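Per TrEMBL, signal peptide is recorded for 1-16. Annotation source TrEMBL lists transmembrane segment at 234-257, 312-332, 582-603, 615-639, 645-667, 721-746, 792-811, 1052-1072, 1079-1098, 1143-1169, 1181-1204. The domain 'SSD' annotation in TrEMBL covers 581-746.
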Amino acid sequence: LSFLIILTLCLIHVISNILQFAMKALELCPGYDYGDRSLCCDVQQLQTLKGSLQLPLQFLSRCPACFFNLMNLFCELTCSPHQSAFMNGTKFTLFNDTAQNTTNVVEVEYYIGKTFANAMYNACQDVQAPSSNVKALSLLCGKDANDCNATNWIEYMFDIENGQSPFPIIPIFSDVPVSGMTPMNNKTYKCTEGLEDGSGSCSCQDCSPACGPQPVPPPLTPPWTILGIDAMAVIMWIAYVVFLLIFIGAVIGAWCYRKRRIESEYGPILDSNNPHNLNMDASCGEMLGERFESMLRSVFTVWGSFCVQQPLLVILGSLVIVGCCSSGLFYMKITTDPVALWSSPSSQARQEKDYFDSHFGPFFRSEQLIITTTLKSESIYSPYPVGADVPFGAPLDKEVLHQVLDLQTDIENIVASYENETVTLKDICLSPLAPYNDHCTILSVLNYFQNSHEQLDRTKGDEFYVWADYHTHFLYCVNAPASLNDTSPLHDPCLGTFGGPIFPWLVLGGYDGTNYNNATALVITFPVNNFHNDTAKLGKALAWEIEFISFLKNFSNPNLTIAFNSERSIEDEINRESESDISTVVISYAIMFVYISLALGHIHSCKRVLVDSKVSLGIAGILIVLSSVACSLGIFSYAGVPLTLIVIEVIPFLVLAVGVDNIFIIVQTYQRDERMPQEELHQQIGRILGDVAPSMFLSSFSETVAFFLGALSTMPAVRTFSLFAGLAVLIDFLLQISCFISLLGLDARRQEGNRLDILCCVKLPEGQEERTDGFLFRFFKKIYAPFLLKEWVRPIVVAVFVAMLSFSIAVTNKVQIGLDQQLSMPDDSYVLQYFKNLSEYLHTGPPVYFVVKDGHDYLSLEGQNSVCGGVGCNNDSLVQQVYTASLLSNYTTIGFNPSSWLDDYFDWVKPQSTCCRYYNSSGAFCNASVVDTSCVHCRPLTPSGKRRPTGNDFMKFLPMFLSDNPNVNCGKGGHAAYGSAVDLTGNETSVGATYFMTYHTILKDSPDFIDALKMARVLAGNITNTMGHTVFPYSVFYVFYEQYLTIVYDTVFQLVVSLVAIFVVTTVLLGFELWSGVLVSITIAMILVNMFGVMWLWGISLNAVSLVNLVMSCGISVEFCSHIMRAFSISVKSTRVERAEEALAHMGSSVFSGITLTKFGGILILALSKSQIFQIFYFRMYLAMVLLGATHGLMFLPVLLSYAGPSLNKAKVFAANKRYAGTERERLLNF
């Protein structure tokens, strides 16, 4: 009985071994059938083979044909009964057990057919490693995939130095018998072929022949030319010449016609002595216009008289209102967050950013250094034992690397303080494998050496040669950054200490192609967690960044040149820039204030200087302007609308322009006016306000409406500016027709009482006051206006201005779009050198994530196939489309194949792999590095088990994959690469939103960034259409550059809306004179078009800042044009030329002295600013808008009115004659 039991146990053991052997053979060498021939291997050998092939299995099994051919190579080597035909043992040693008198084979020759070797390589050469964004052969060939071929790949796999081969295997390649040996030339499969077990062909991503013809980018749109010359230039030249011929012909024809009729252009056209006839001839429109004009005149006259009679009530009331409104400044919030400043919460990019942040966490904060060396220490490395010499750039000199490592370590040890707590890098850094591995992510070439001086100094060799050193390790790691074993004699890992790969294009710069050894710069990046919703943690990060910046500013090393940037650097530098420019802005405003205070006074004689000066009135006018700005800021602060730096910097300039112009018009009209008999001061000032207030109301209300309509913009900076500006202009007008009029009345009484300005208590002796016209008024009236409107000057003016317009139209489409970050920095900013080095050295752009919104079905094969990039996946899947785009990187700006968590998950969960295991007792995940007999494979080695997991199986093992740390036995663990890429929902029972990451190509300027966003959205749109599910691209810069996709439309919309508003308001407030509104709108439109011409000439790009300035330019242009237009409209002179001359003489001097000279002095000071953005977008654009506004308002518009001004309103002439009947003015009107 005992014998039978023992025999039974022996049989069971034998059968178990046989079954185990059969299972291993089936697992590793499926399809091998040699009939009844015995195989030349045992279970232990198969187990060793499986262990040696784990990494190839994990990376190459995504292409079945490739992996089958590879296993064919090793199965024939290990188990084939025909080994004697193609294998030859060349070295032997005695077996340990000498009694058995056997030997061990320690070296063999393996004769392999060239056809087989090439076919195997061709099937594998395109297989991708998704988590590393590189080809799998870069990890398995010992060199870059581009340098790998059939022979050196097989030689590398059989080389004992790779750490996987148990003894040297010398491959000999031949398709014909050699030395009596017949090379192994088994059947192979192309990557486009399926296997006999039903496995499909390889995907396009892993098999380029399966892709068909490589896509070709569409040809670049050729520039629009005519006869090789820019088409717009040709068209505008032709249009200008045609206009000139027609215009000159019309002028000459009109002149000849008048000569033949013996009729002067200056002859009377109306009998102004017959007012009754005029009124009877007036049309209904003219009567309506006159009544509206009279109504405005009456209202403002009564109001002006009241303000002068009740100055205390008006002034105190104004102060109370201003105080109440300005109190809102206590609730003022200033927005400095660039995202809130430039991106609307409702914009696509902002919503996509919020979606990304809420599902995957905010994009990390980046602290980056770009390091170059002053040393000329380029070196040549000669590989052992043979190989071409490899040049190494100066920054890769070992001594330089040691110094850089010291710097890196010092940065890691920076200690900051936040609310009595110490903060180190470990407290805030990105640690993807925490809590298992708390090392910070440091993207640095030193991480190839585990950030260790000892590792950097490691060498292998003998007394004669160095077999391997840091050069060897570097060259391996740049080609296989995810490797855990460099397969050189060093056998050091390439993975960083934080558990992730260090891609060479992220840590090296200034190299050519993929010759990373030629790098001329090192890049070190410290990703820091971004805590948007945790003020305390964000405060710690900000505090550490302050110390980081301070440390690097004070760091000194004669051998290293460092350009650096922190996440907070740009915002800090903009704030510093604003503070440094305060003095410039203050000086600018001071000059304008001094000029206003002095220029308002009209000095009749030296002895009355202190009486006739109006310094106190000027200061009061300035305070009113500032009060209107404070009221606008306060009211919107009450409403919770945050301010921006643009509002603070621009609106005072705008309101000062509008306010000062109105102040000069009021004061100078009063100074030129003579009080009528029996008229008191309050009546005189009321009458004057009745004359000028409609003009002020016209300009101010036009600007207010235009600005408020500008708030329709989706751009936060433009919308905020428009709201604040519109309200400030309106309040300024109301204060000027109330508070300032009361102050003017008080100042007039002071002047009439011969009291000194400012020192009102001091009174001079009574003296005769002499009224004389001011110099500017006399110049405009006697010299400038008559000269400008001479018969031969006017055509020249029209020709010059139309030429300017034609030129501007021709170049408008050539204005650059965008805002380079360099322009936002002060001239002395350390960030400028960083931007320069960024553009000069870096080869890779920002990461881009293709986000699949939640709701996609990953549990079905159809849903998986629409996303993945491996076997069986759709040719138009997400991964495949991004991969195809990366082949056209110069066109699409997608630089690399995407990392795909789904494809790596499929490789990880395969039953042949040791990655996916769990404890049989508890069901908990069992890492591949764990040796425990209770750990079993997740899926059975059956046909169904080899298929992709679907349904519940898919979700059962996915959390394990996302928590698995990569190790030597399993390089596919997804924790480091994909821990944040998959949003598991429903207590890890379903997949929510996910992303697939790649990188943009290097982006150097605004057009590059704009194009990258545009192309990424086109690609995501195509993916969305093919998947039937929403996919969007996200990169950290999209939220800033999205505005430029629609900036042209936004600009046209804003300016057209403003022009329409100005046209409507002008038409109504000028008494429903449609043609007057048209002429004003045409002139302002010309100013705006000419602004684009100046922008092109002066290198000013179109962006939110310049758009704000263009909207403001529209408002300021109203000031230059509307007053002249209204003066022309109410003039009762006989001819258009006379009316234009009178309007220019009376209003031109006020506009010129009020807005032009005031602004000109202040603007010139802005040229001294250290800020490039001030110099370009404020000094240049402000100067342009003032000069263009002045020339168009004071030159072109009067000439235009002399040719095509609206006809005289007969009803207004009748009303004027009636109003001034029996007065001195009647005589002047009839003169």
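Placed from the backbone N, Cα and C atoms, the Cβ positions cover glycine too.
Automatic, uncurated: that is what TrEMBL annotation is.
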Stretch in 234-257, 615-639, 721-746, 1181-1204 most in contact with the transmembrane segment (582-603), if contact is a CB pair under 8 A: 615-639
Residues of the parent chain within Cβ reach of the transmembrane segment (792-811), under 8 Å, 6 or more residues beyond its termini: 230, 232-233, 235-237, 239-240, 243-244, 247-248, 251, 1086, 1089-1094, 1096-1097, 1191-1192, 1195-1196, 1199-1200, 1202-1203
Beyond the flanks of the transmembrane segment (1052-1072) by 6 or more, those residues with Cβ under 8 Å of it: 285-286, 288-290, 292-293, 296, 694, 697-698, 701-702, 705-707, 709-710, 712-713, 718, 1078, 1080-1081, 1084-1085, 1088, 1107, 1110-1111, 1114-1115, 1118, 1122, 1125-1126, 1129, 1209, 1212
Distant-in-sequence neighbours of the transmembrane segment (312-332), which means Cβ under 8 A and at least six residues beyond its ends: 306, 627, 630-631, 633-638, 640, 643, 731, 735, 738-739, 741-743
Mean per-residue pLDDT computed across the domain 'SSD' (581-746): 81
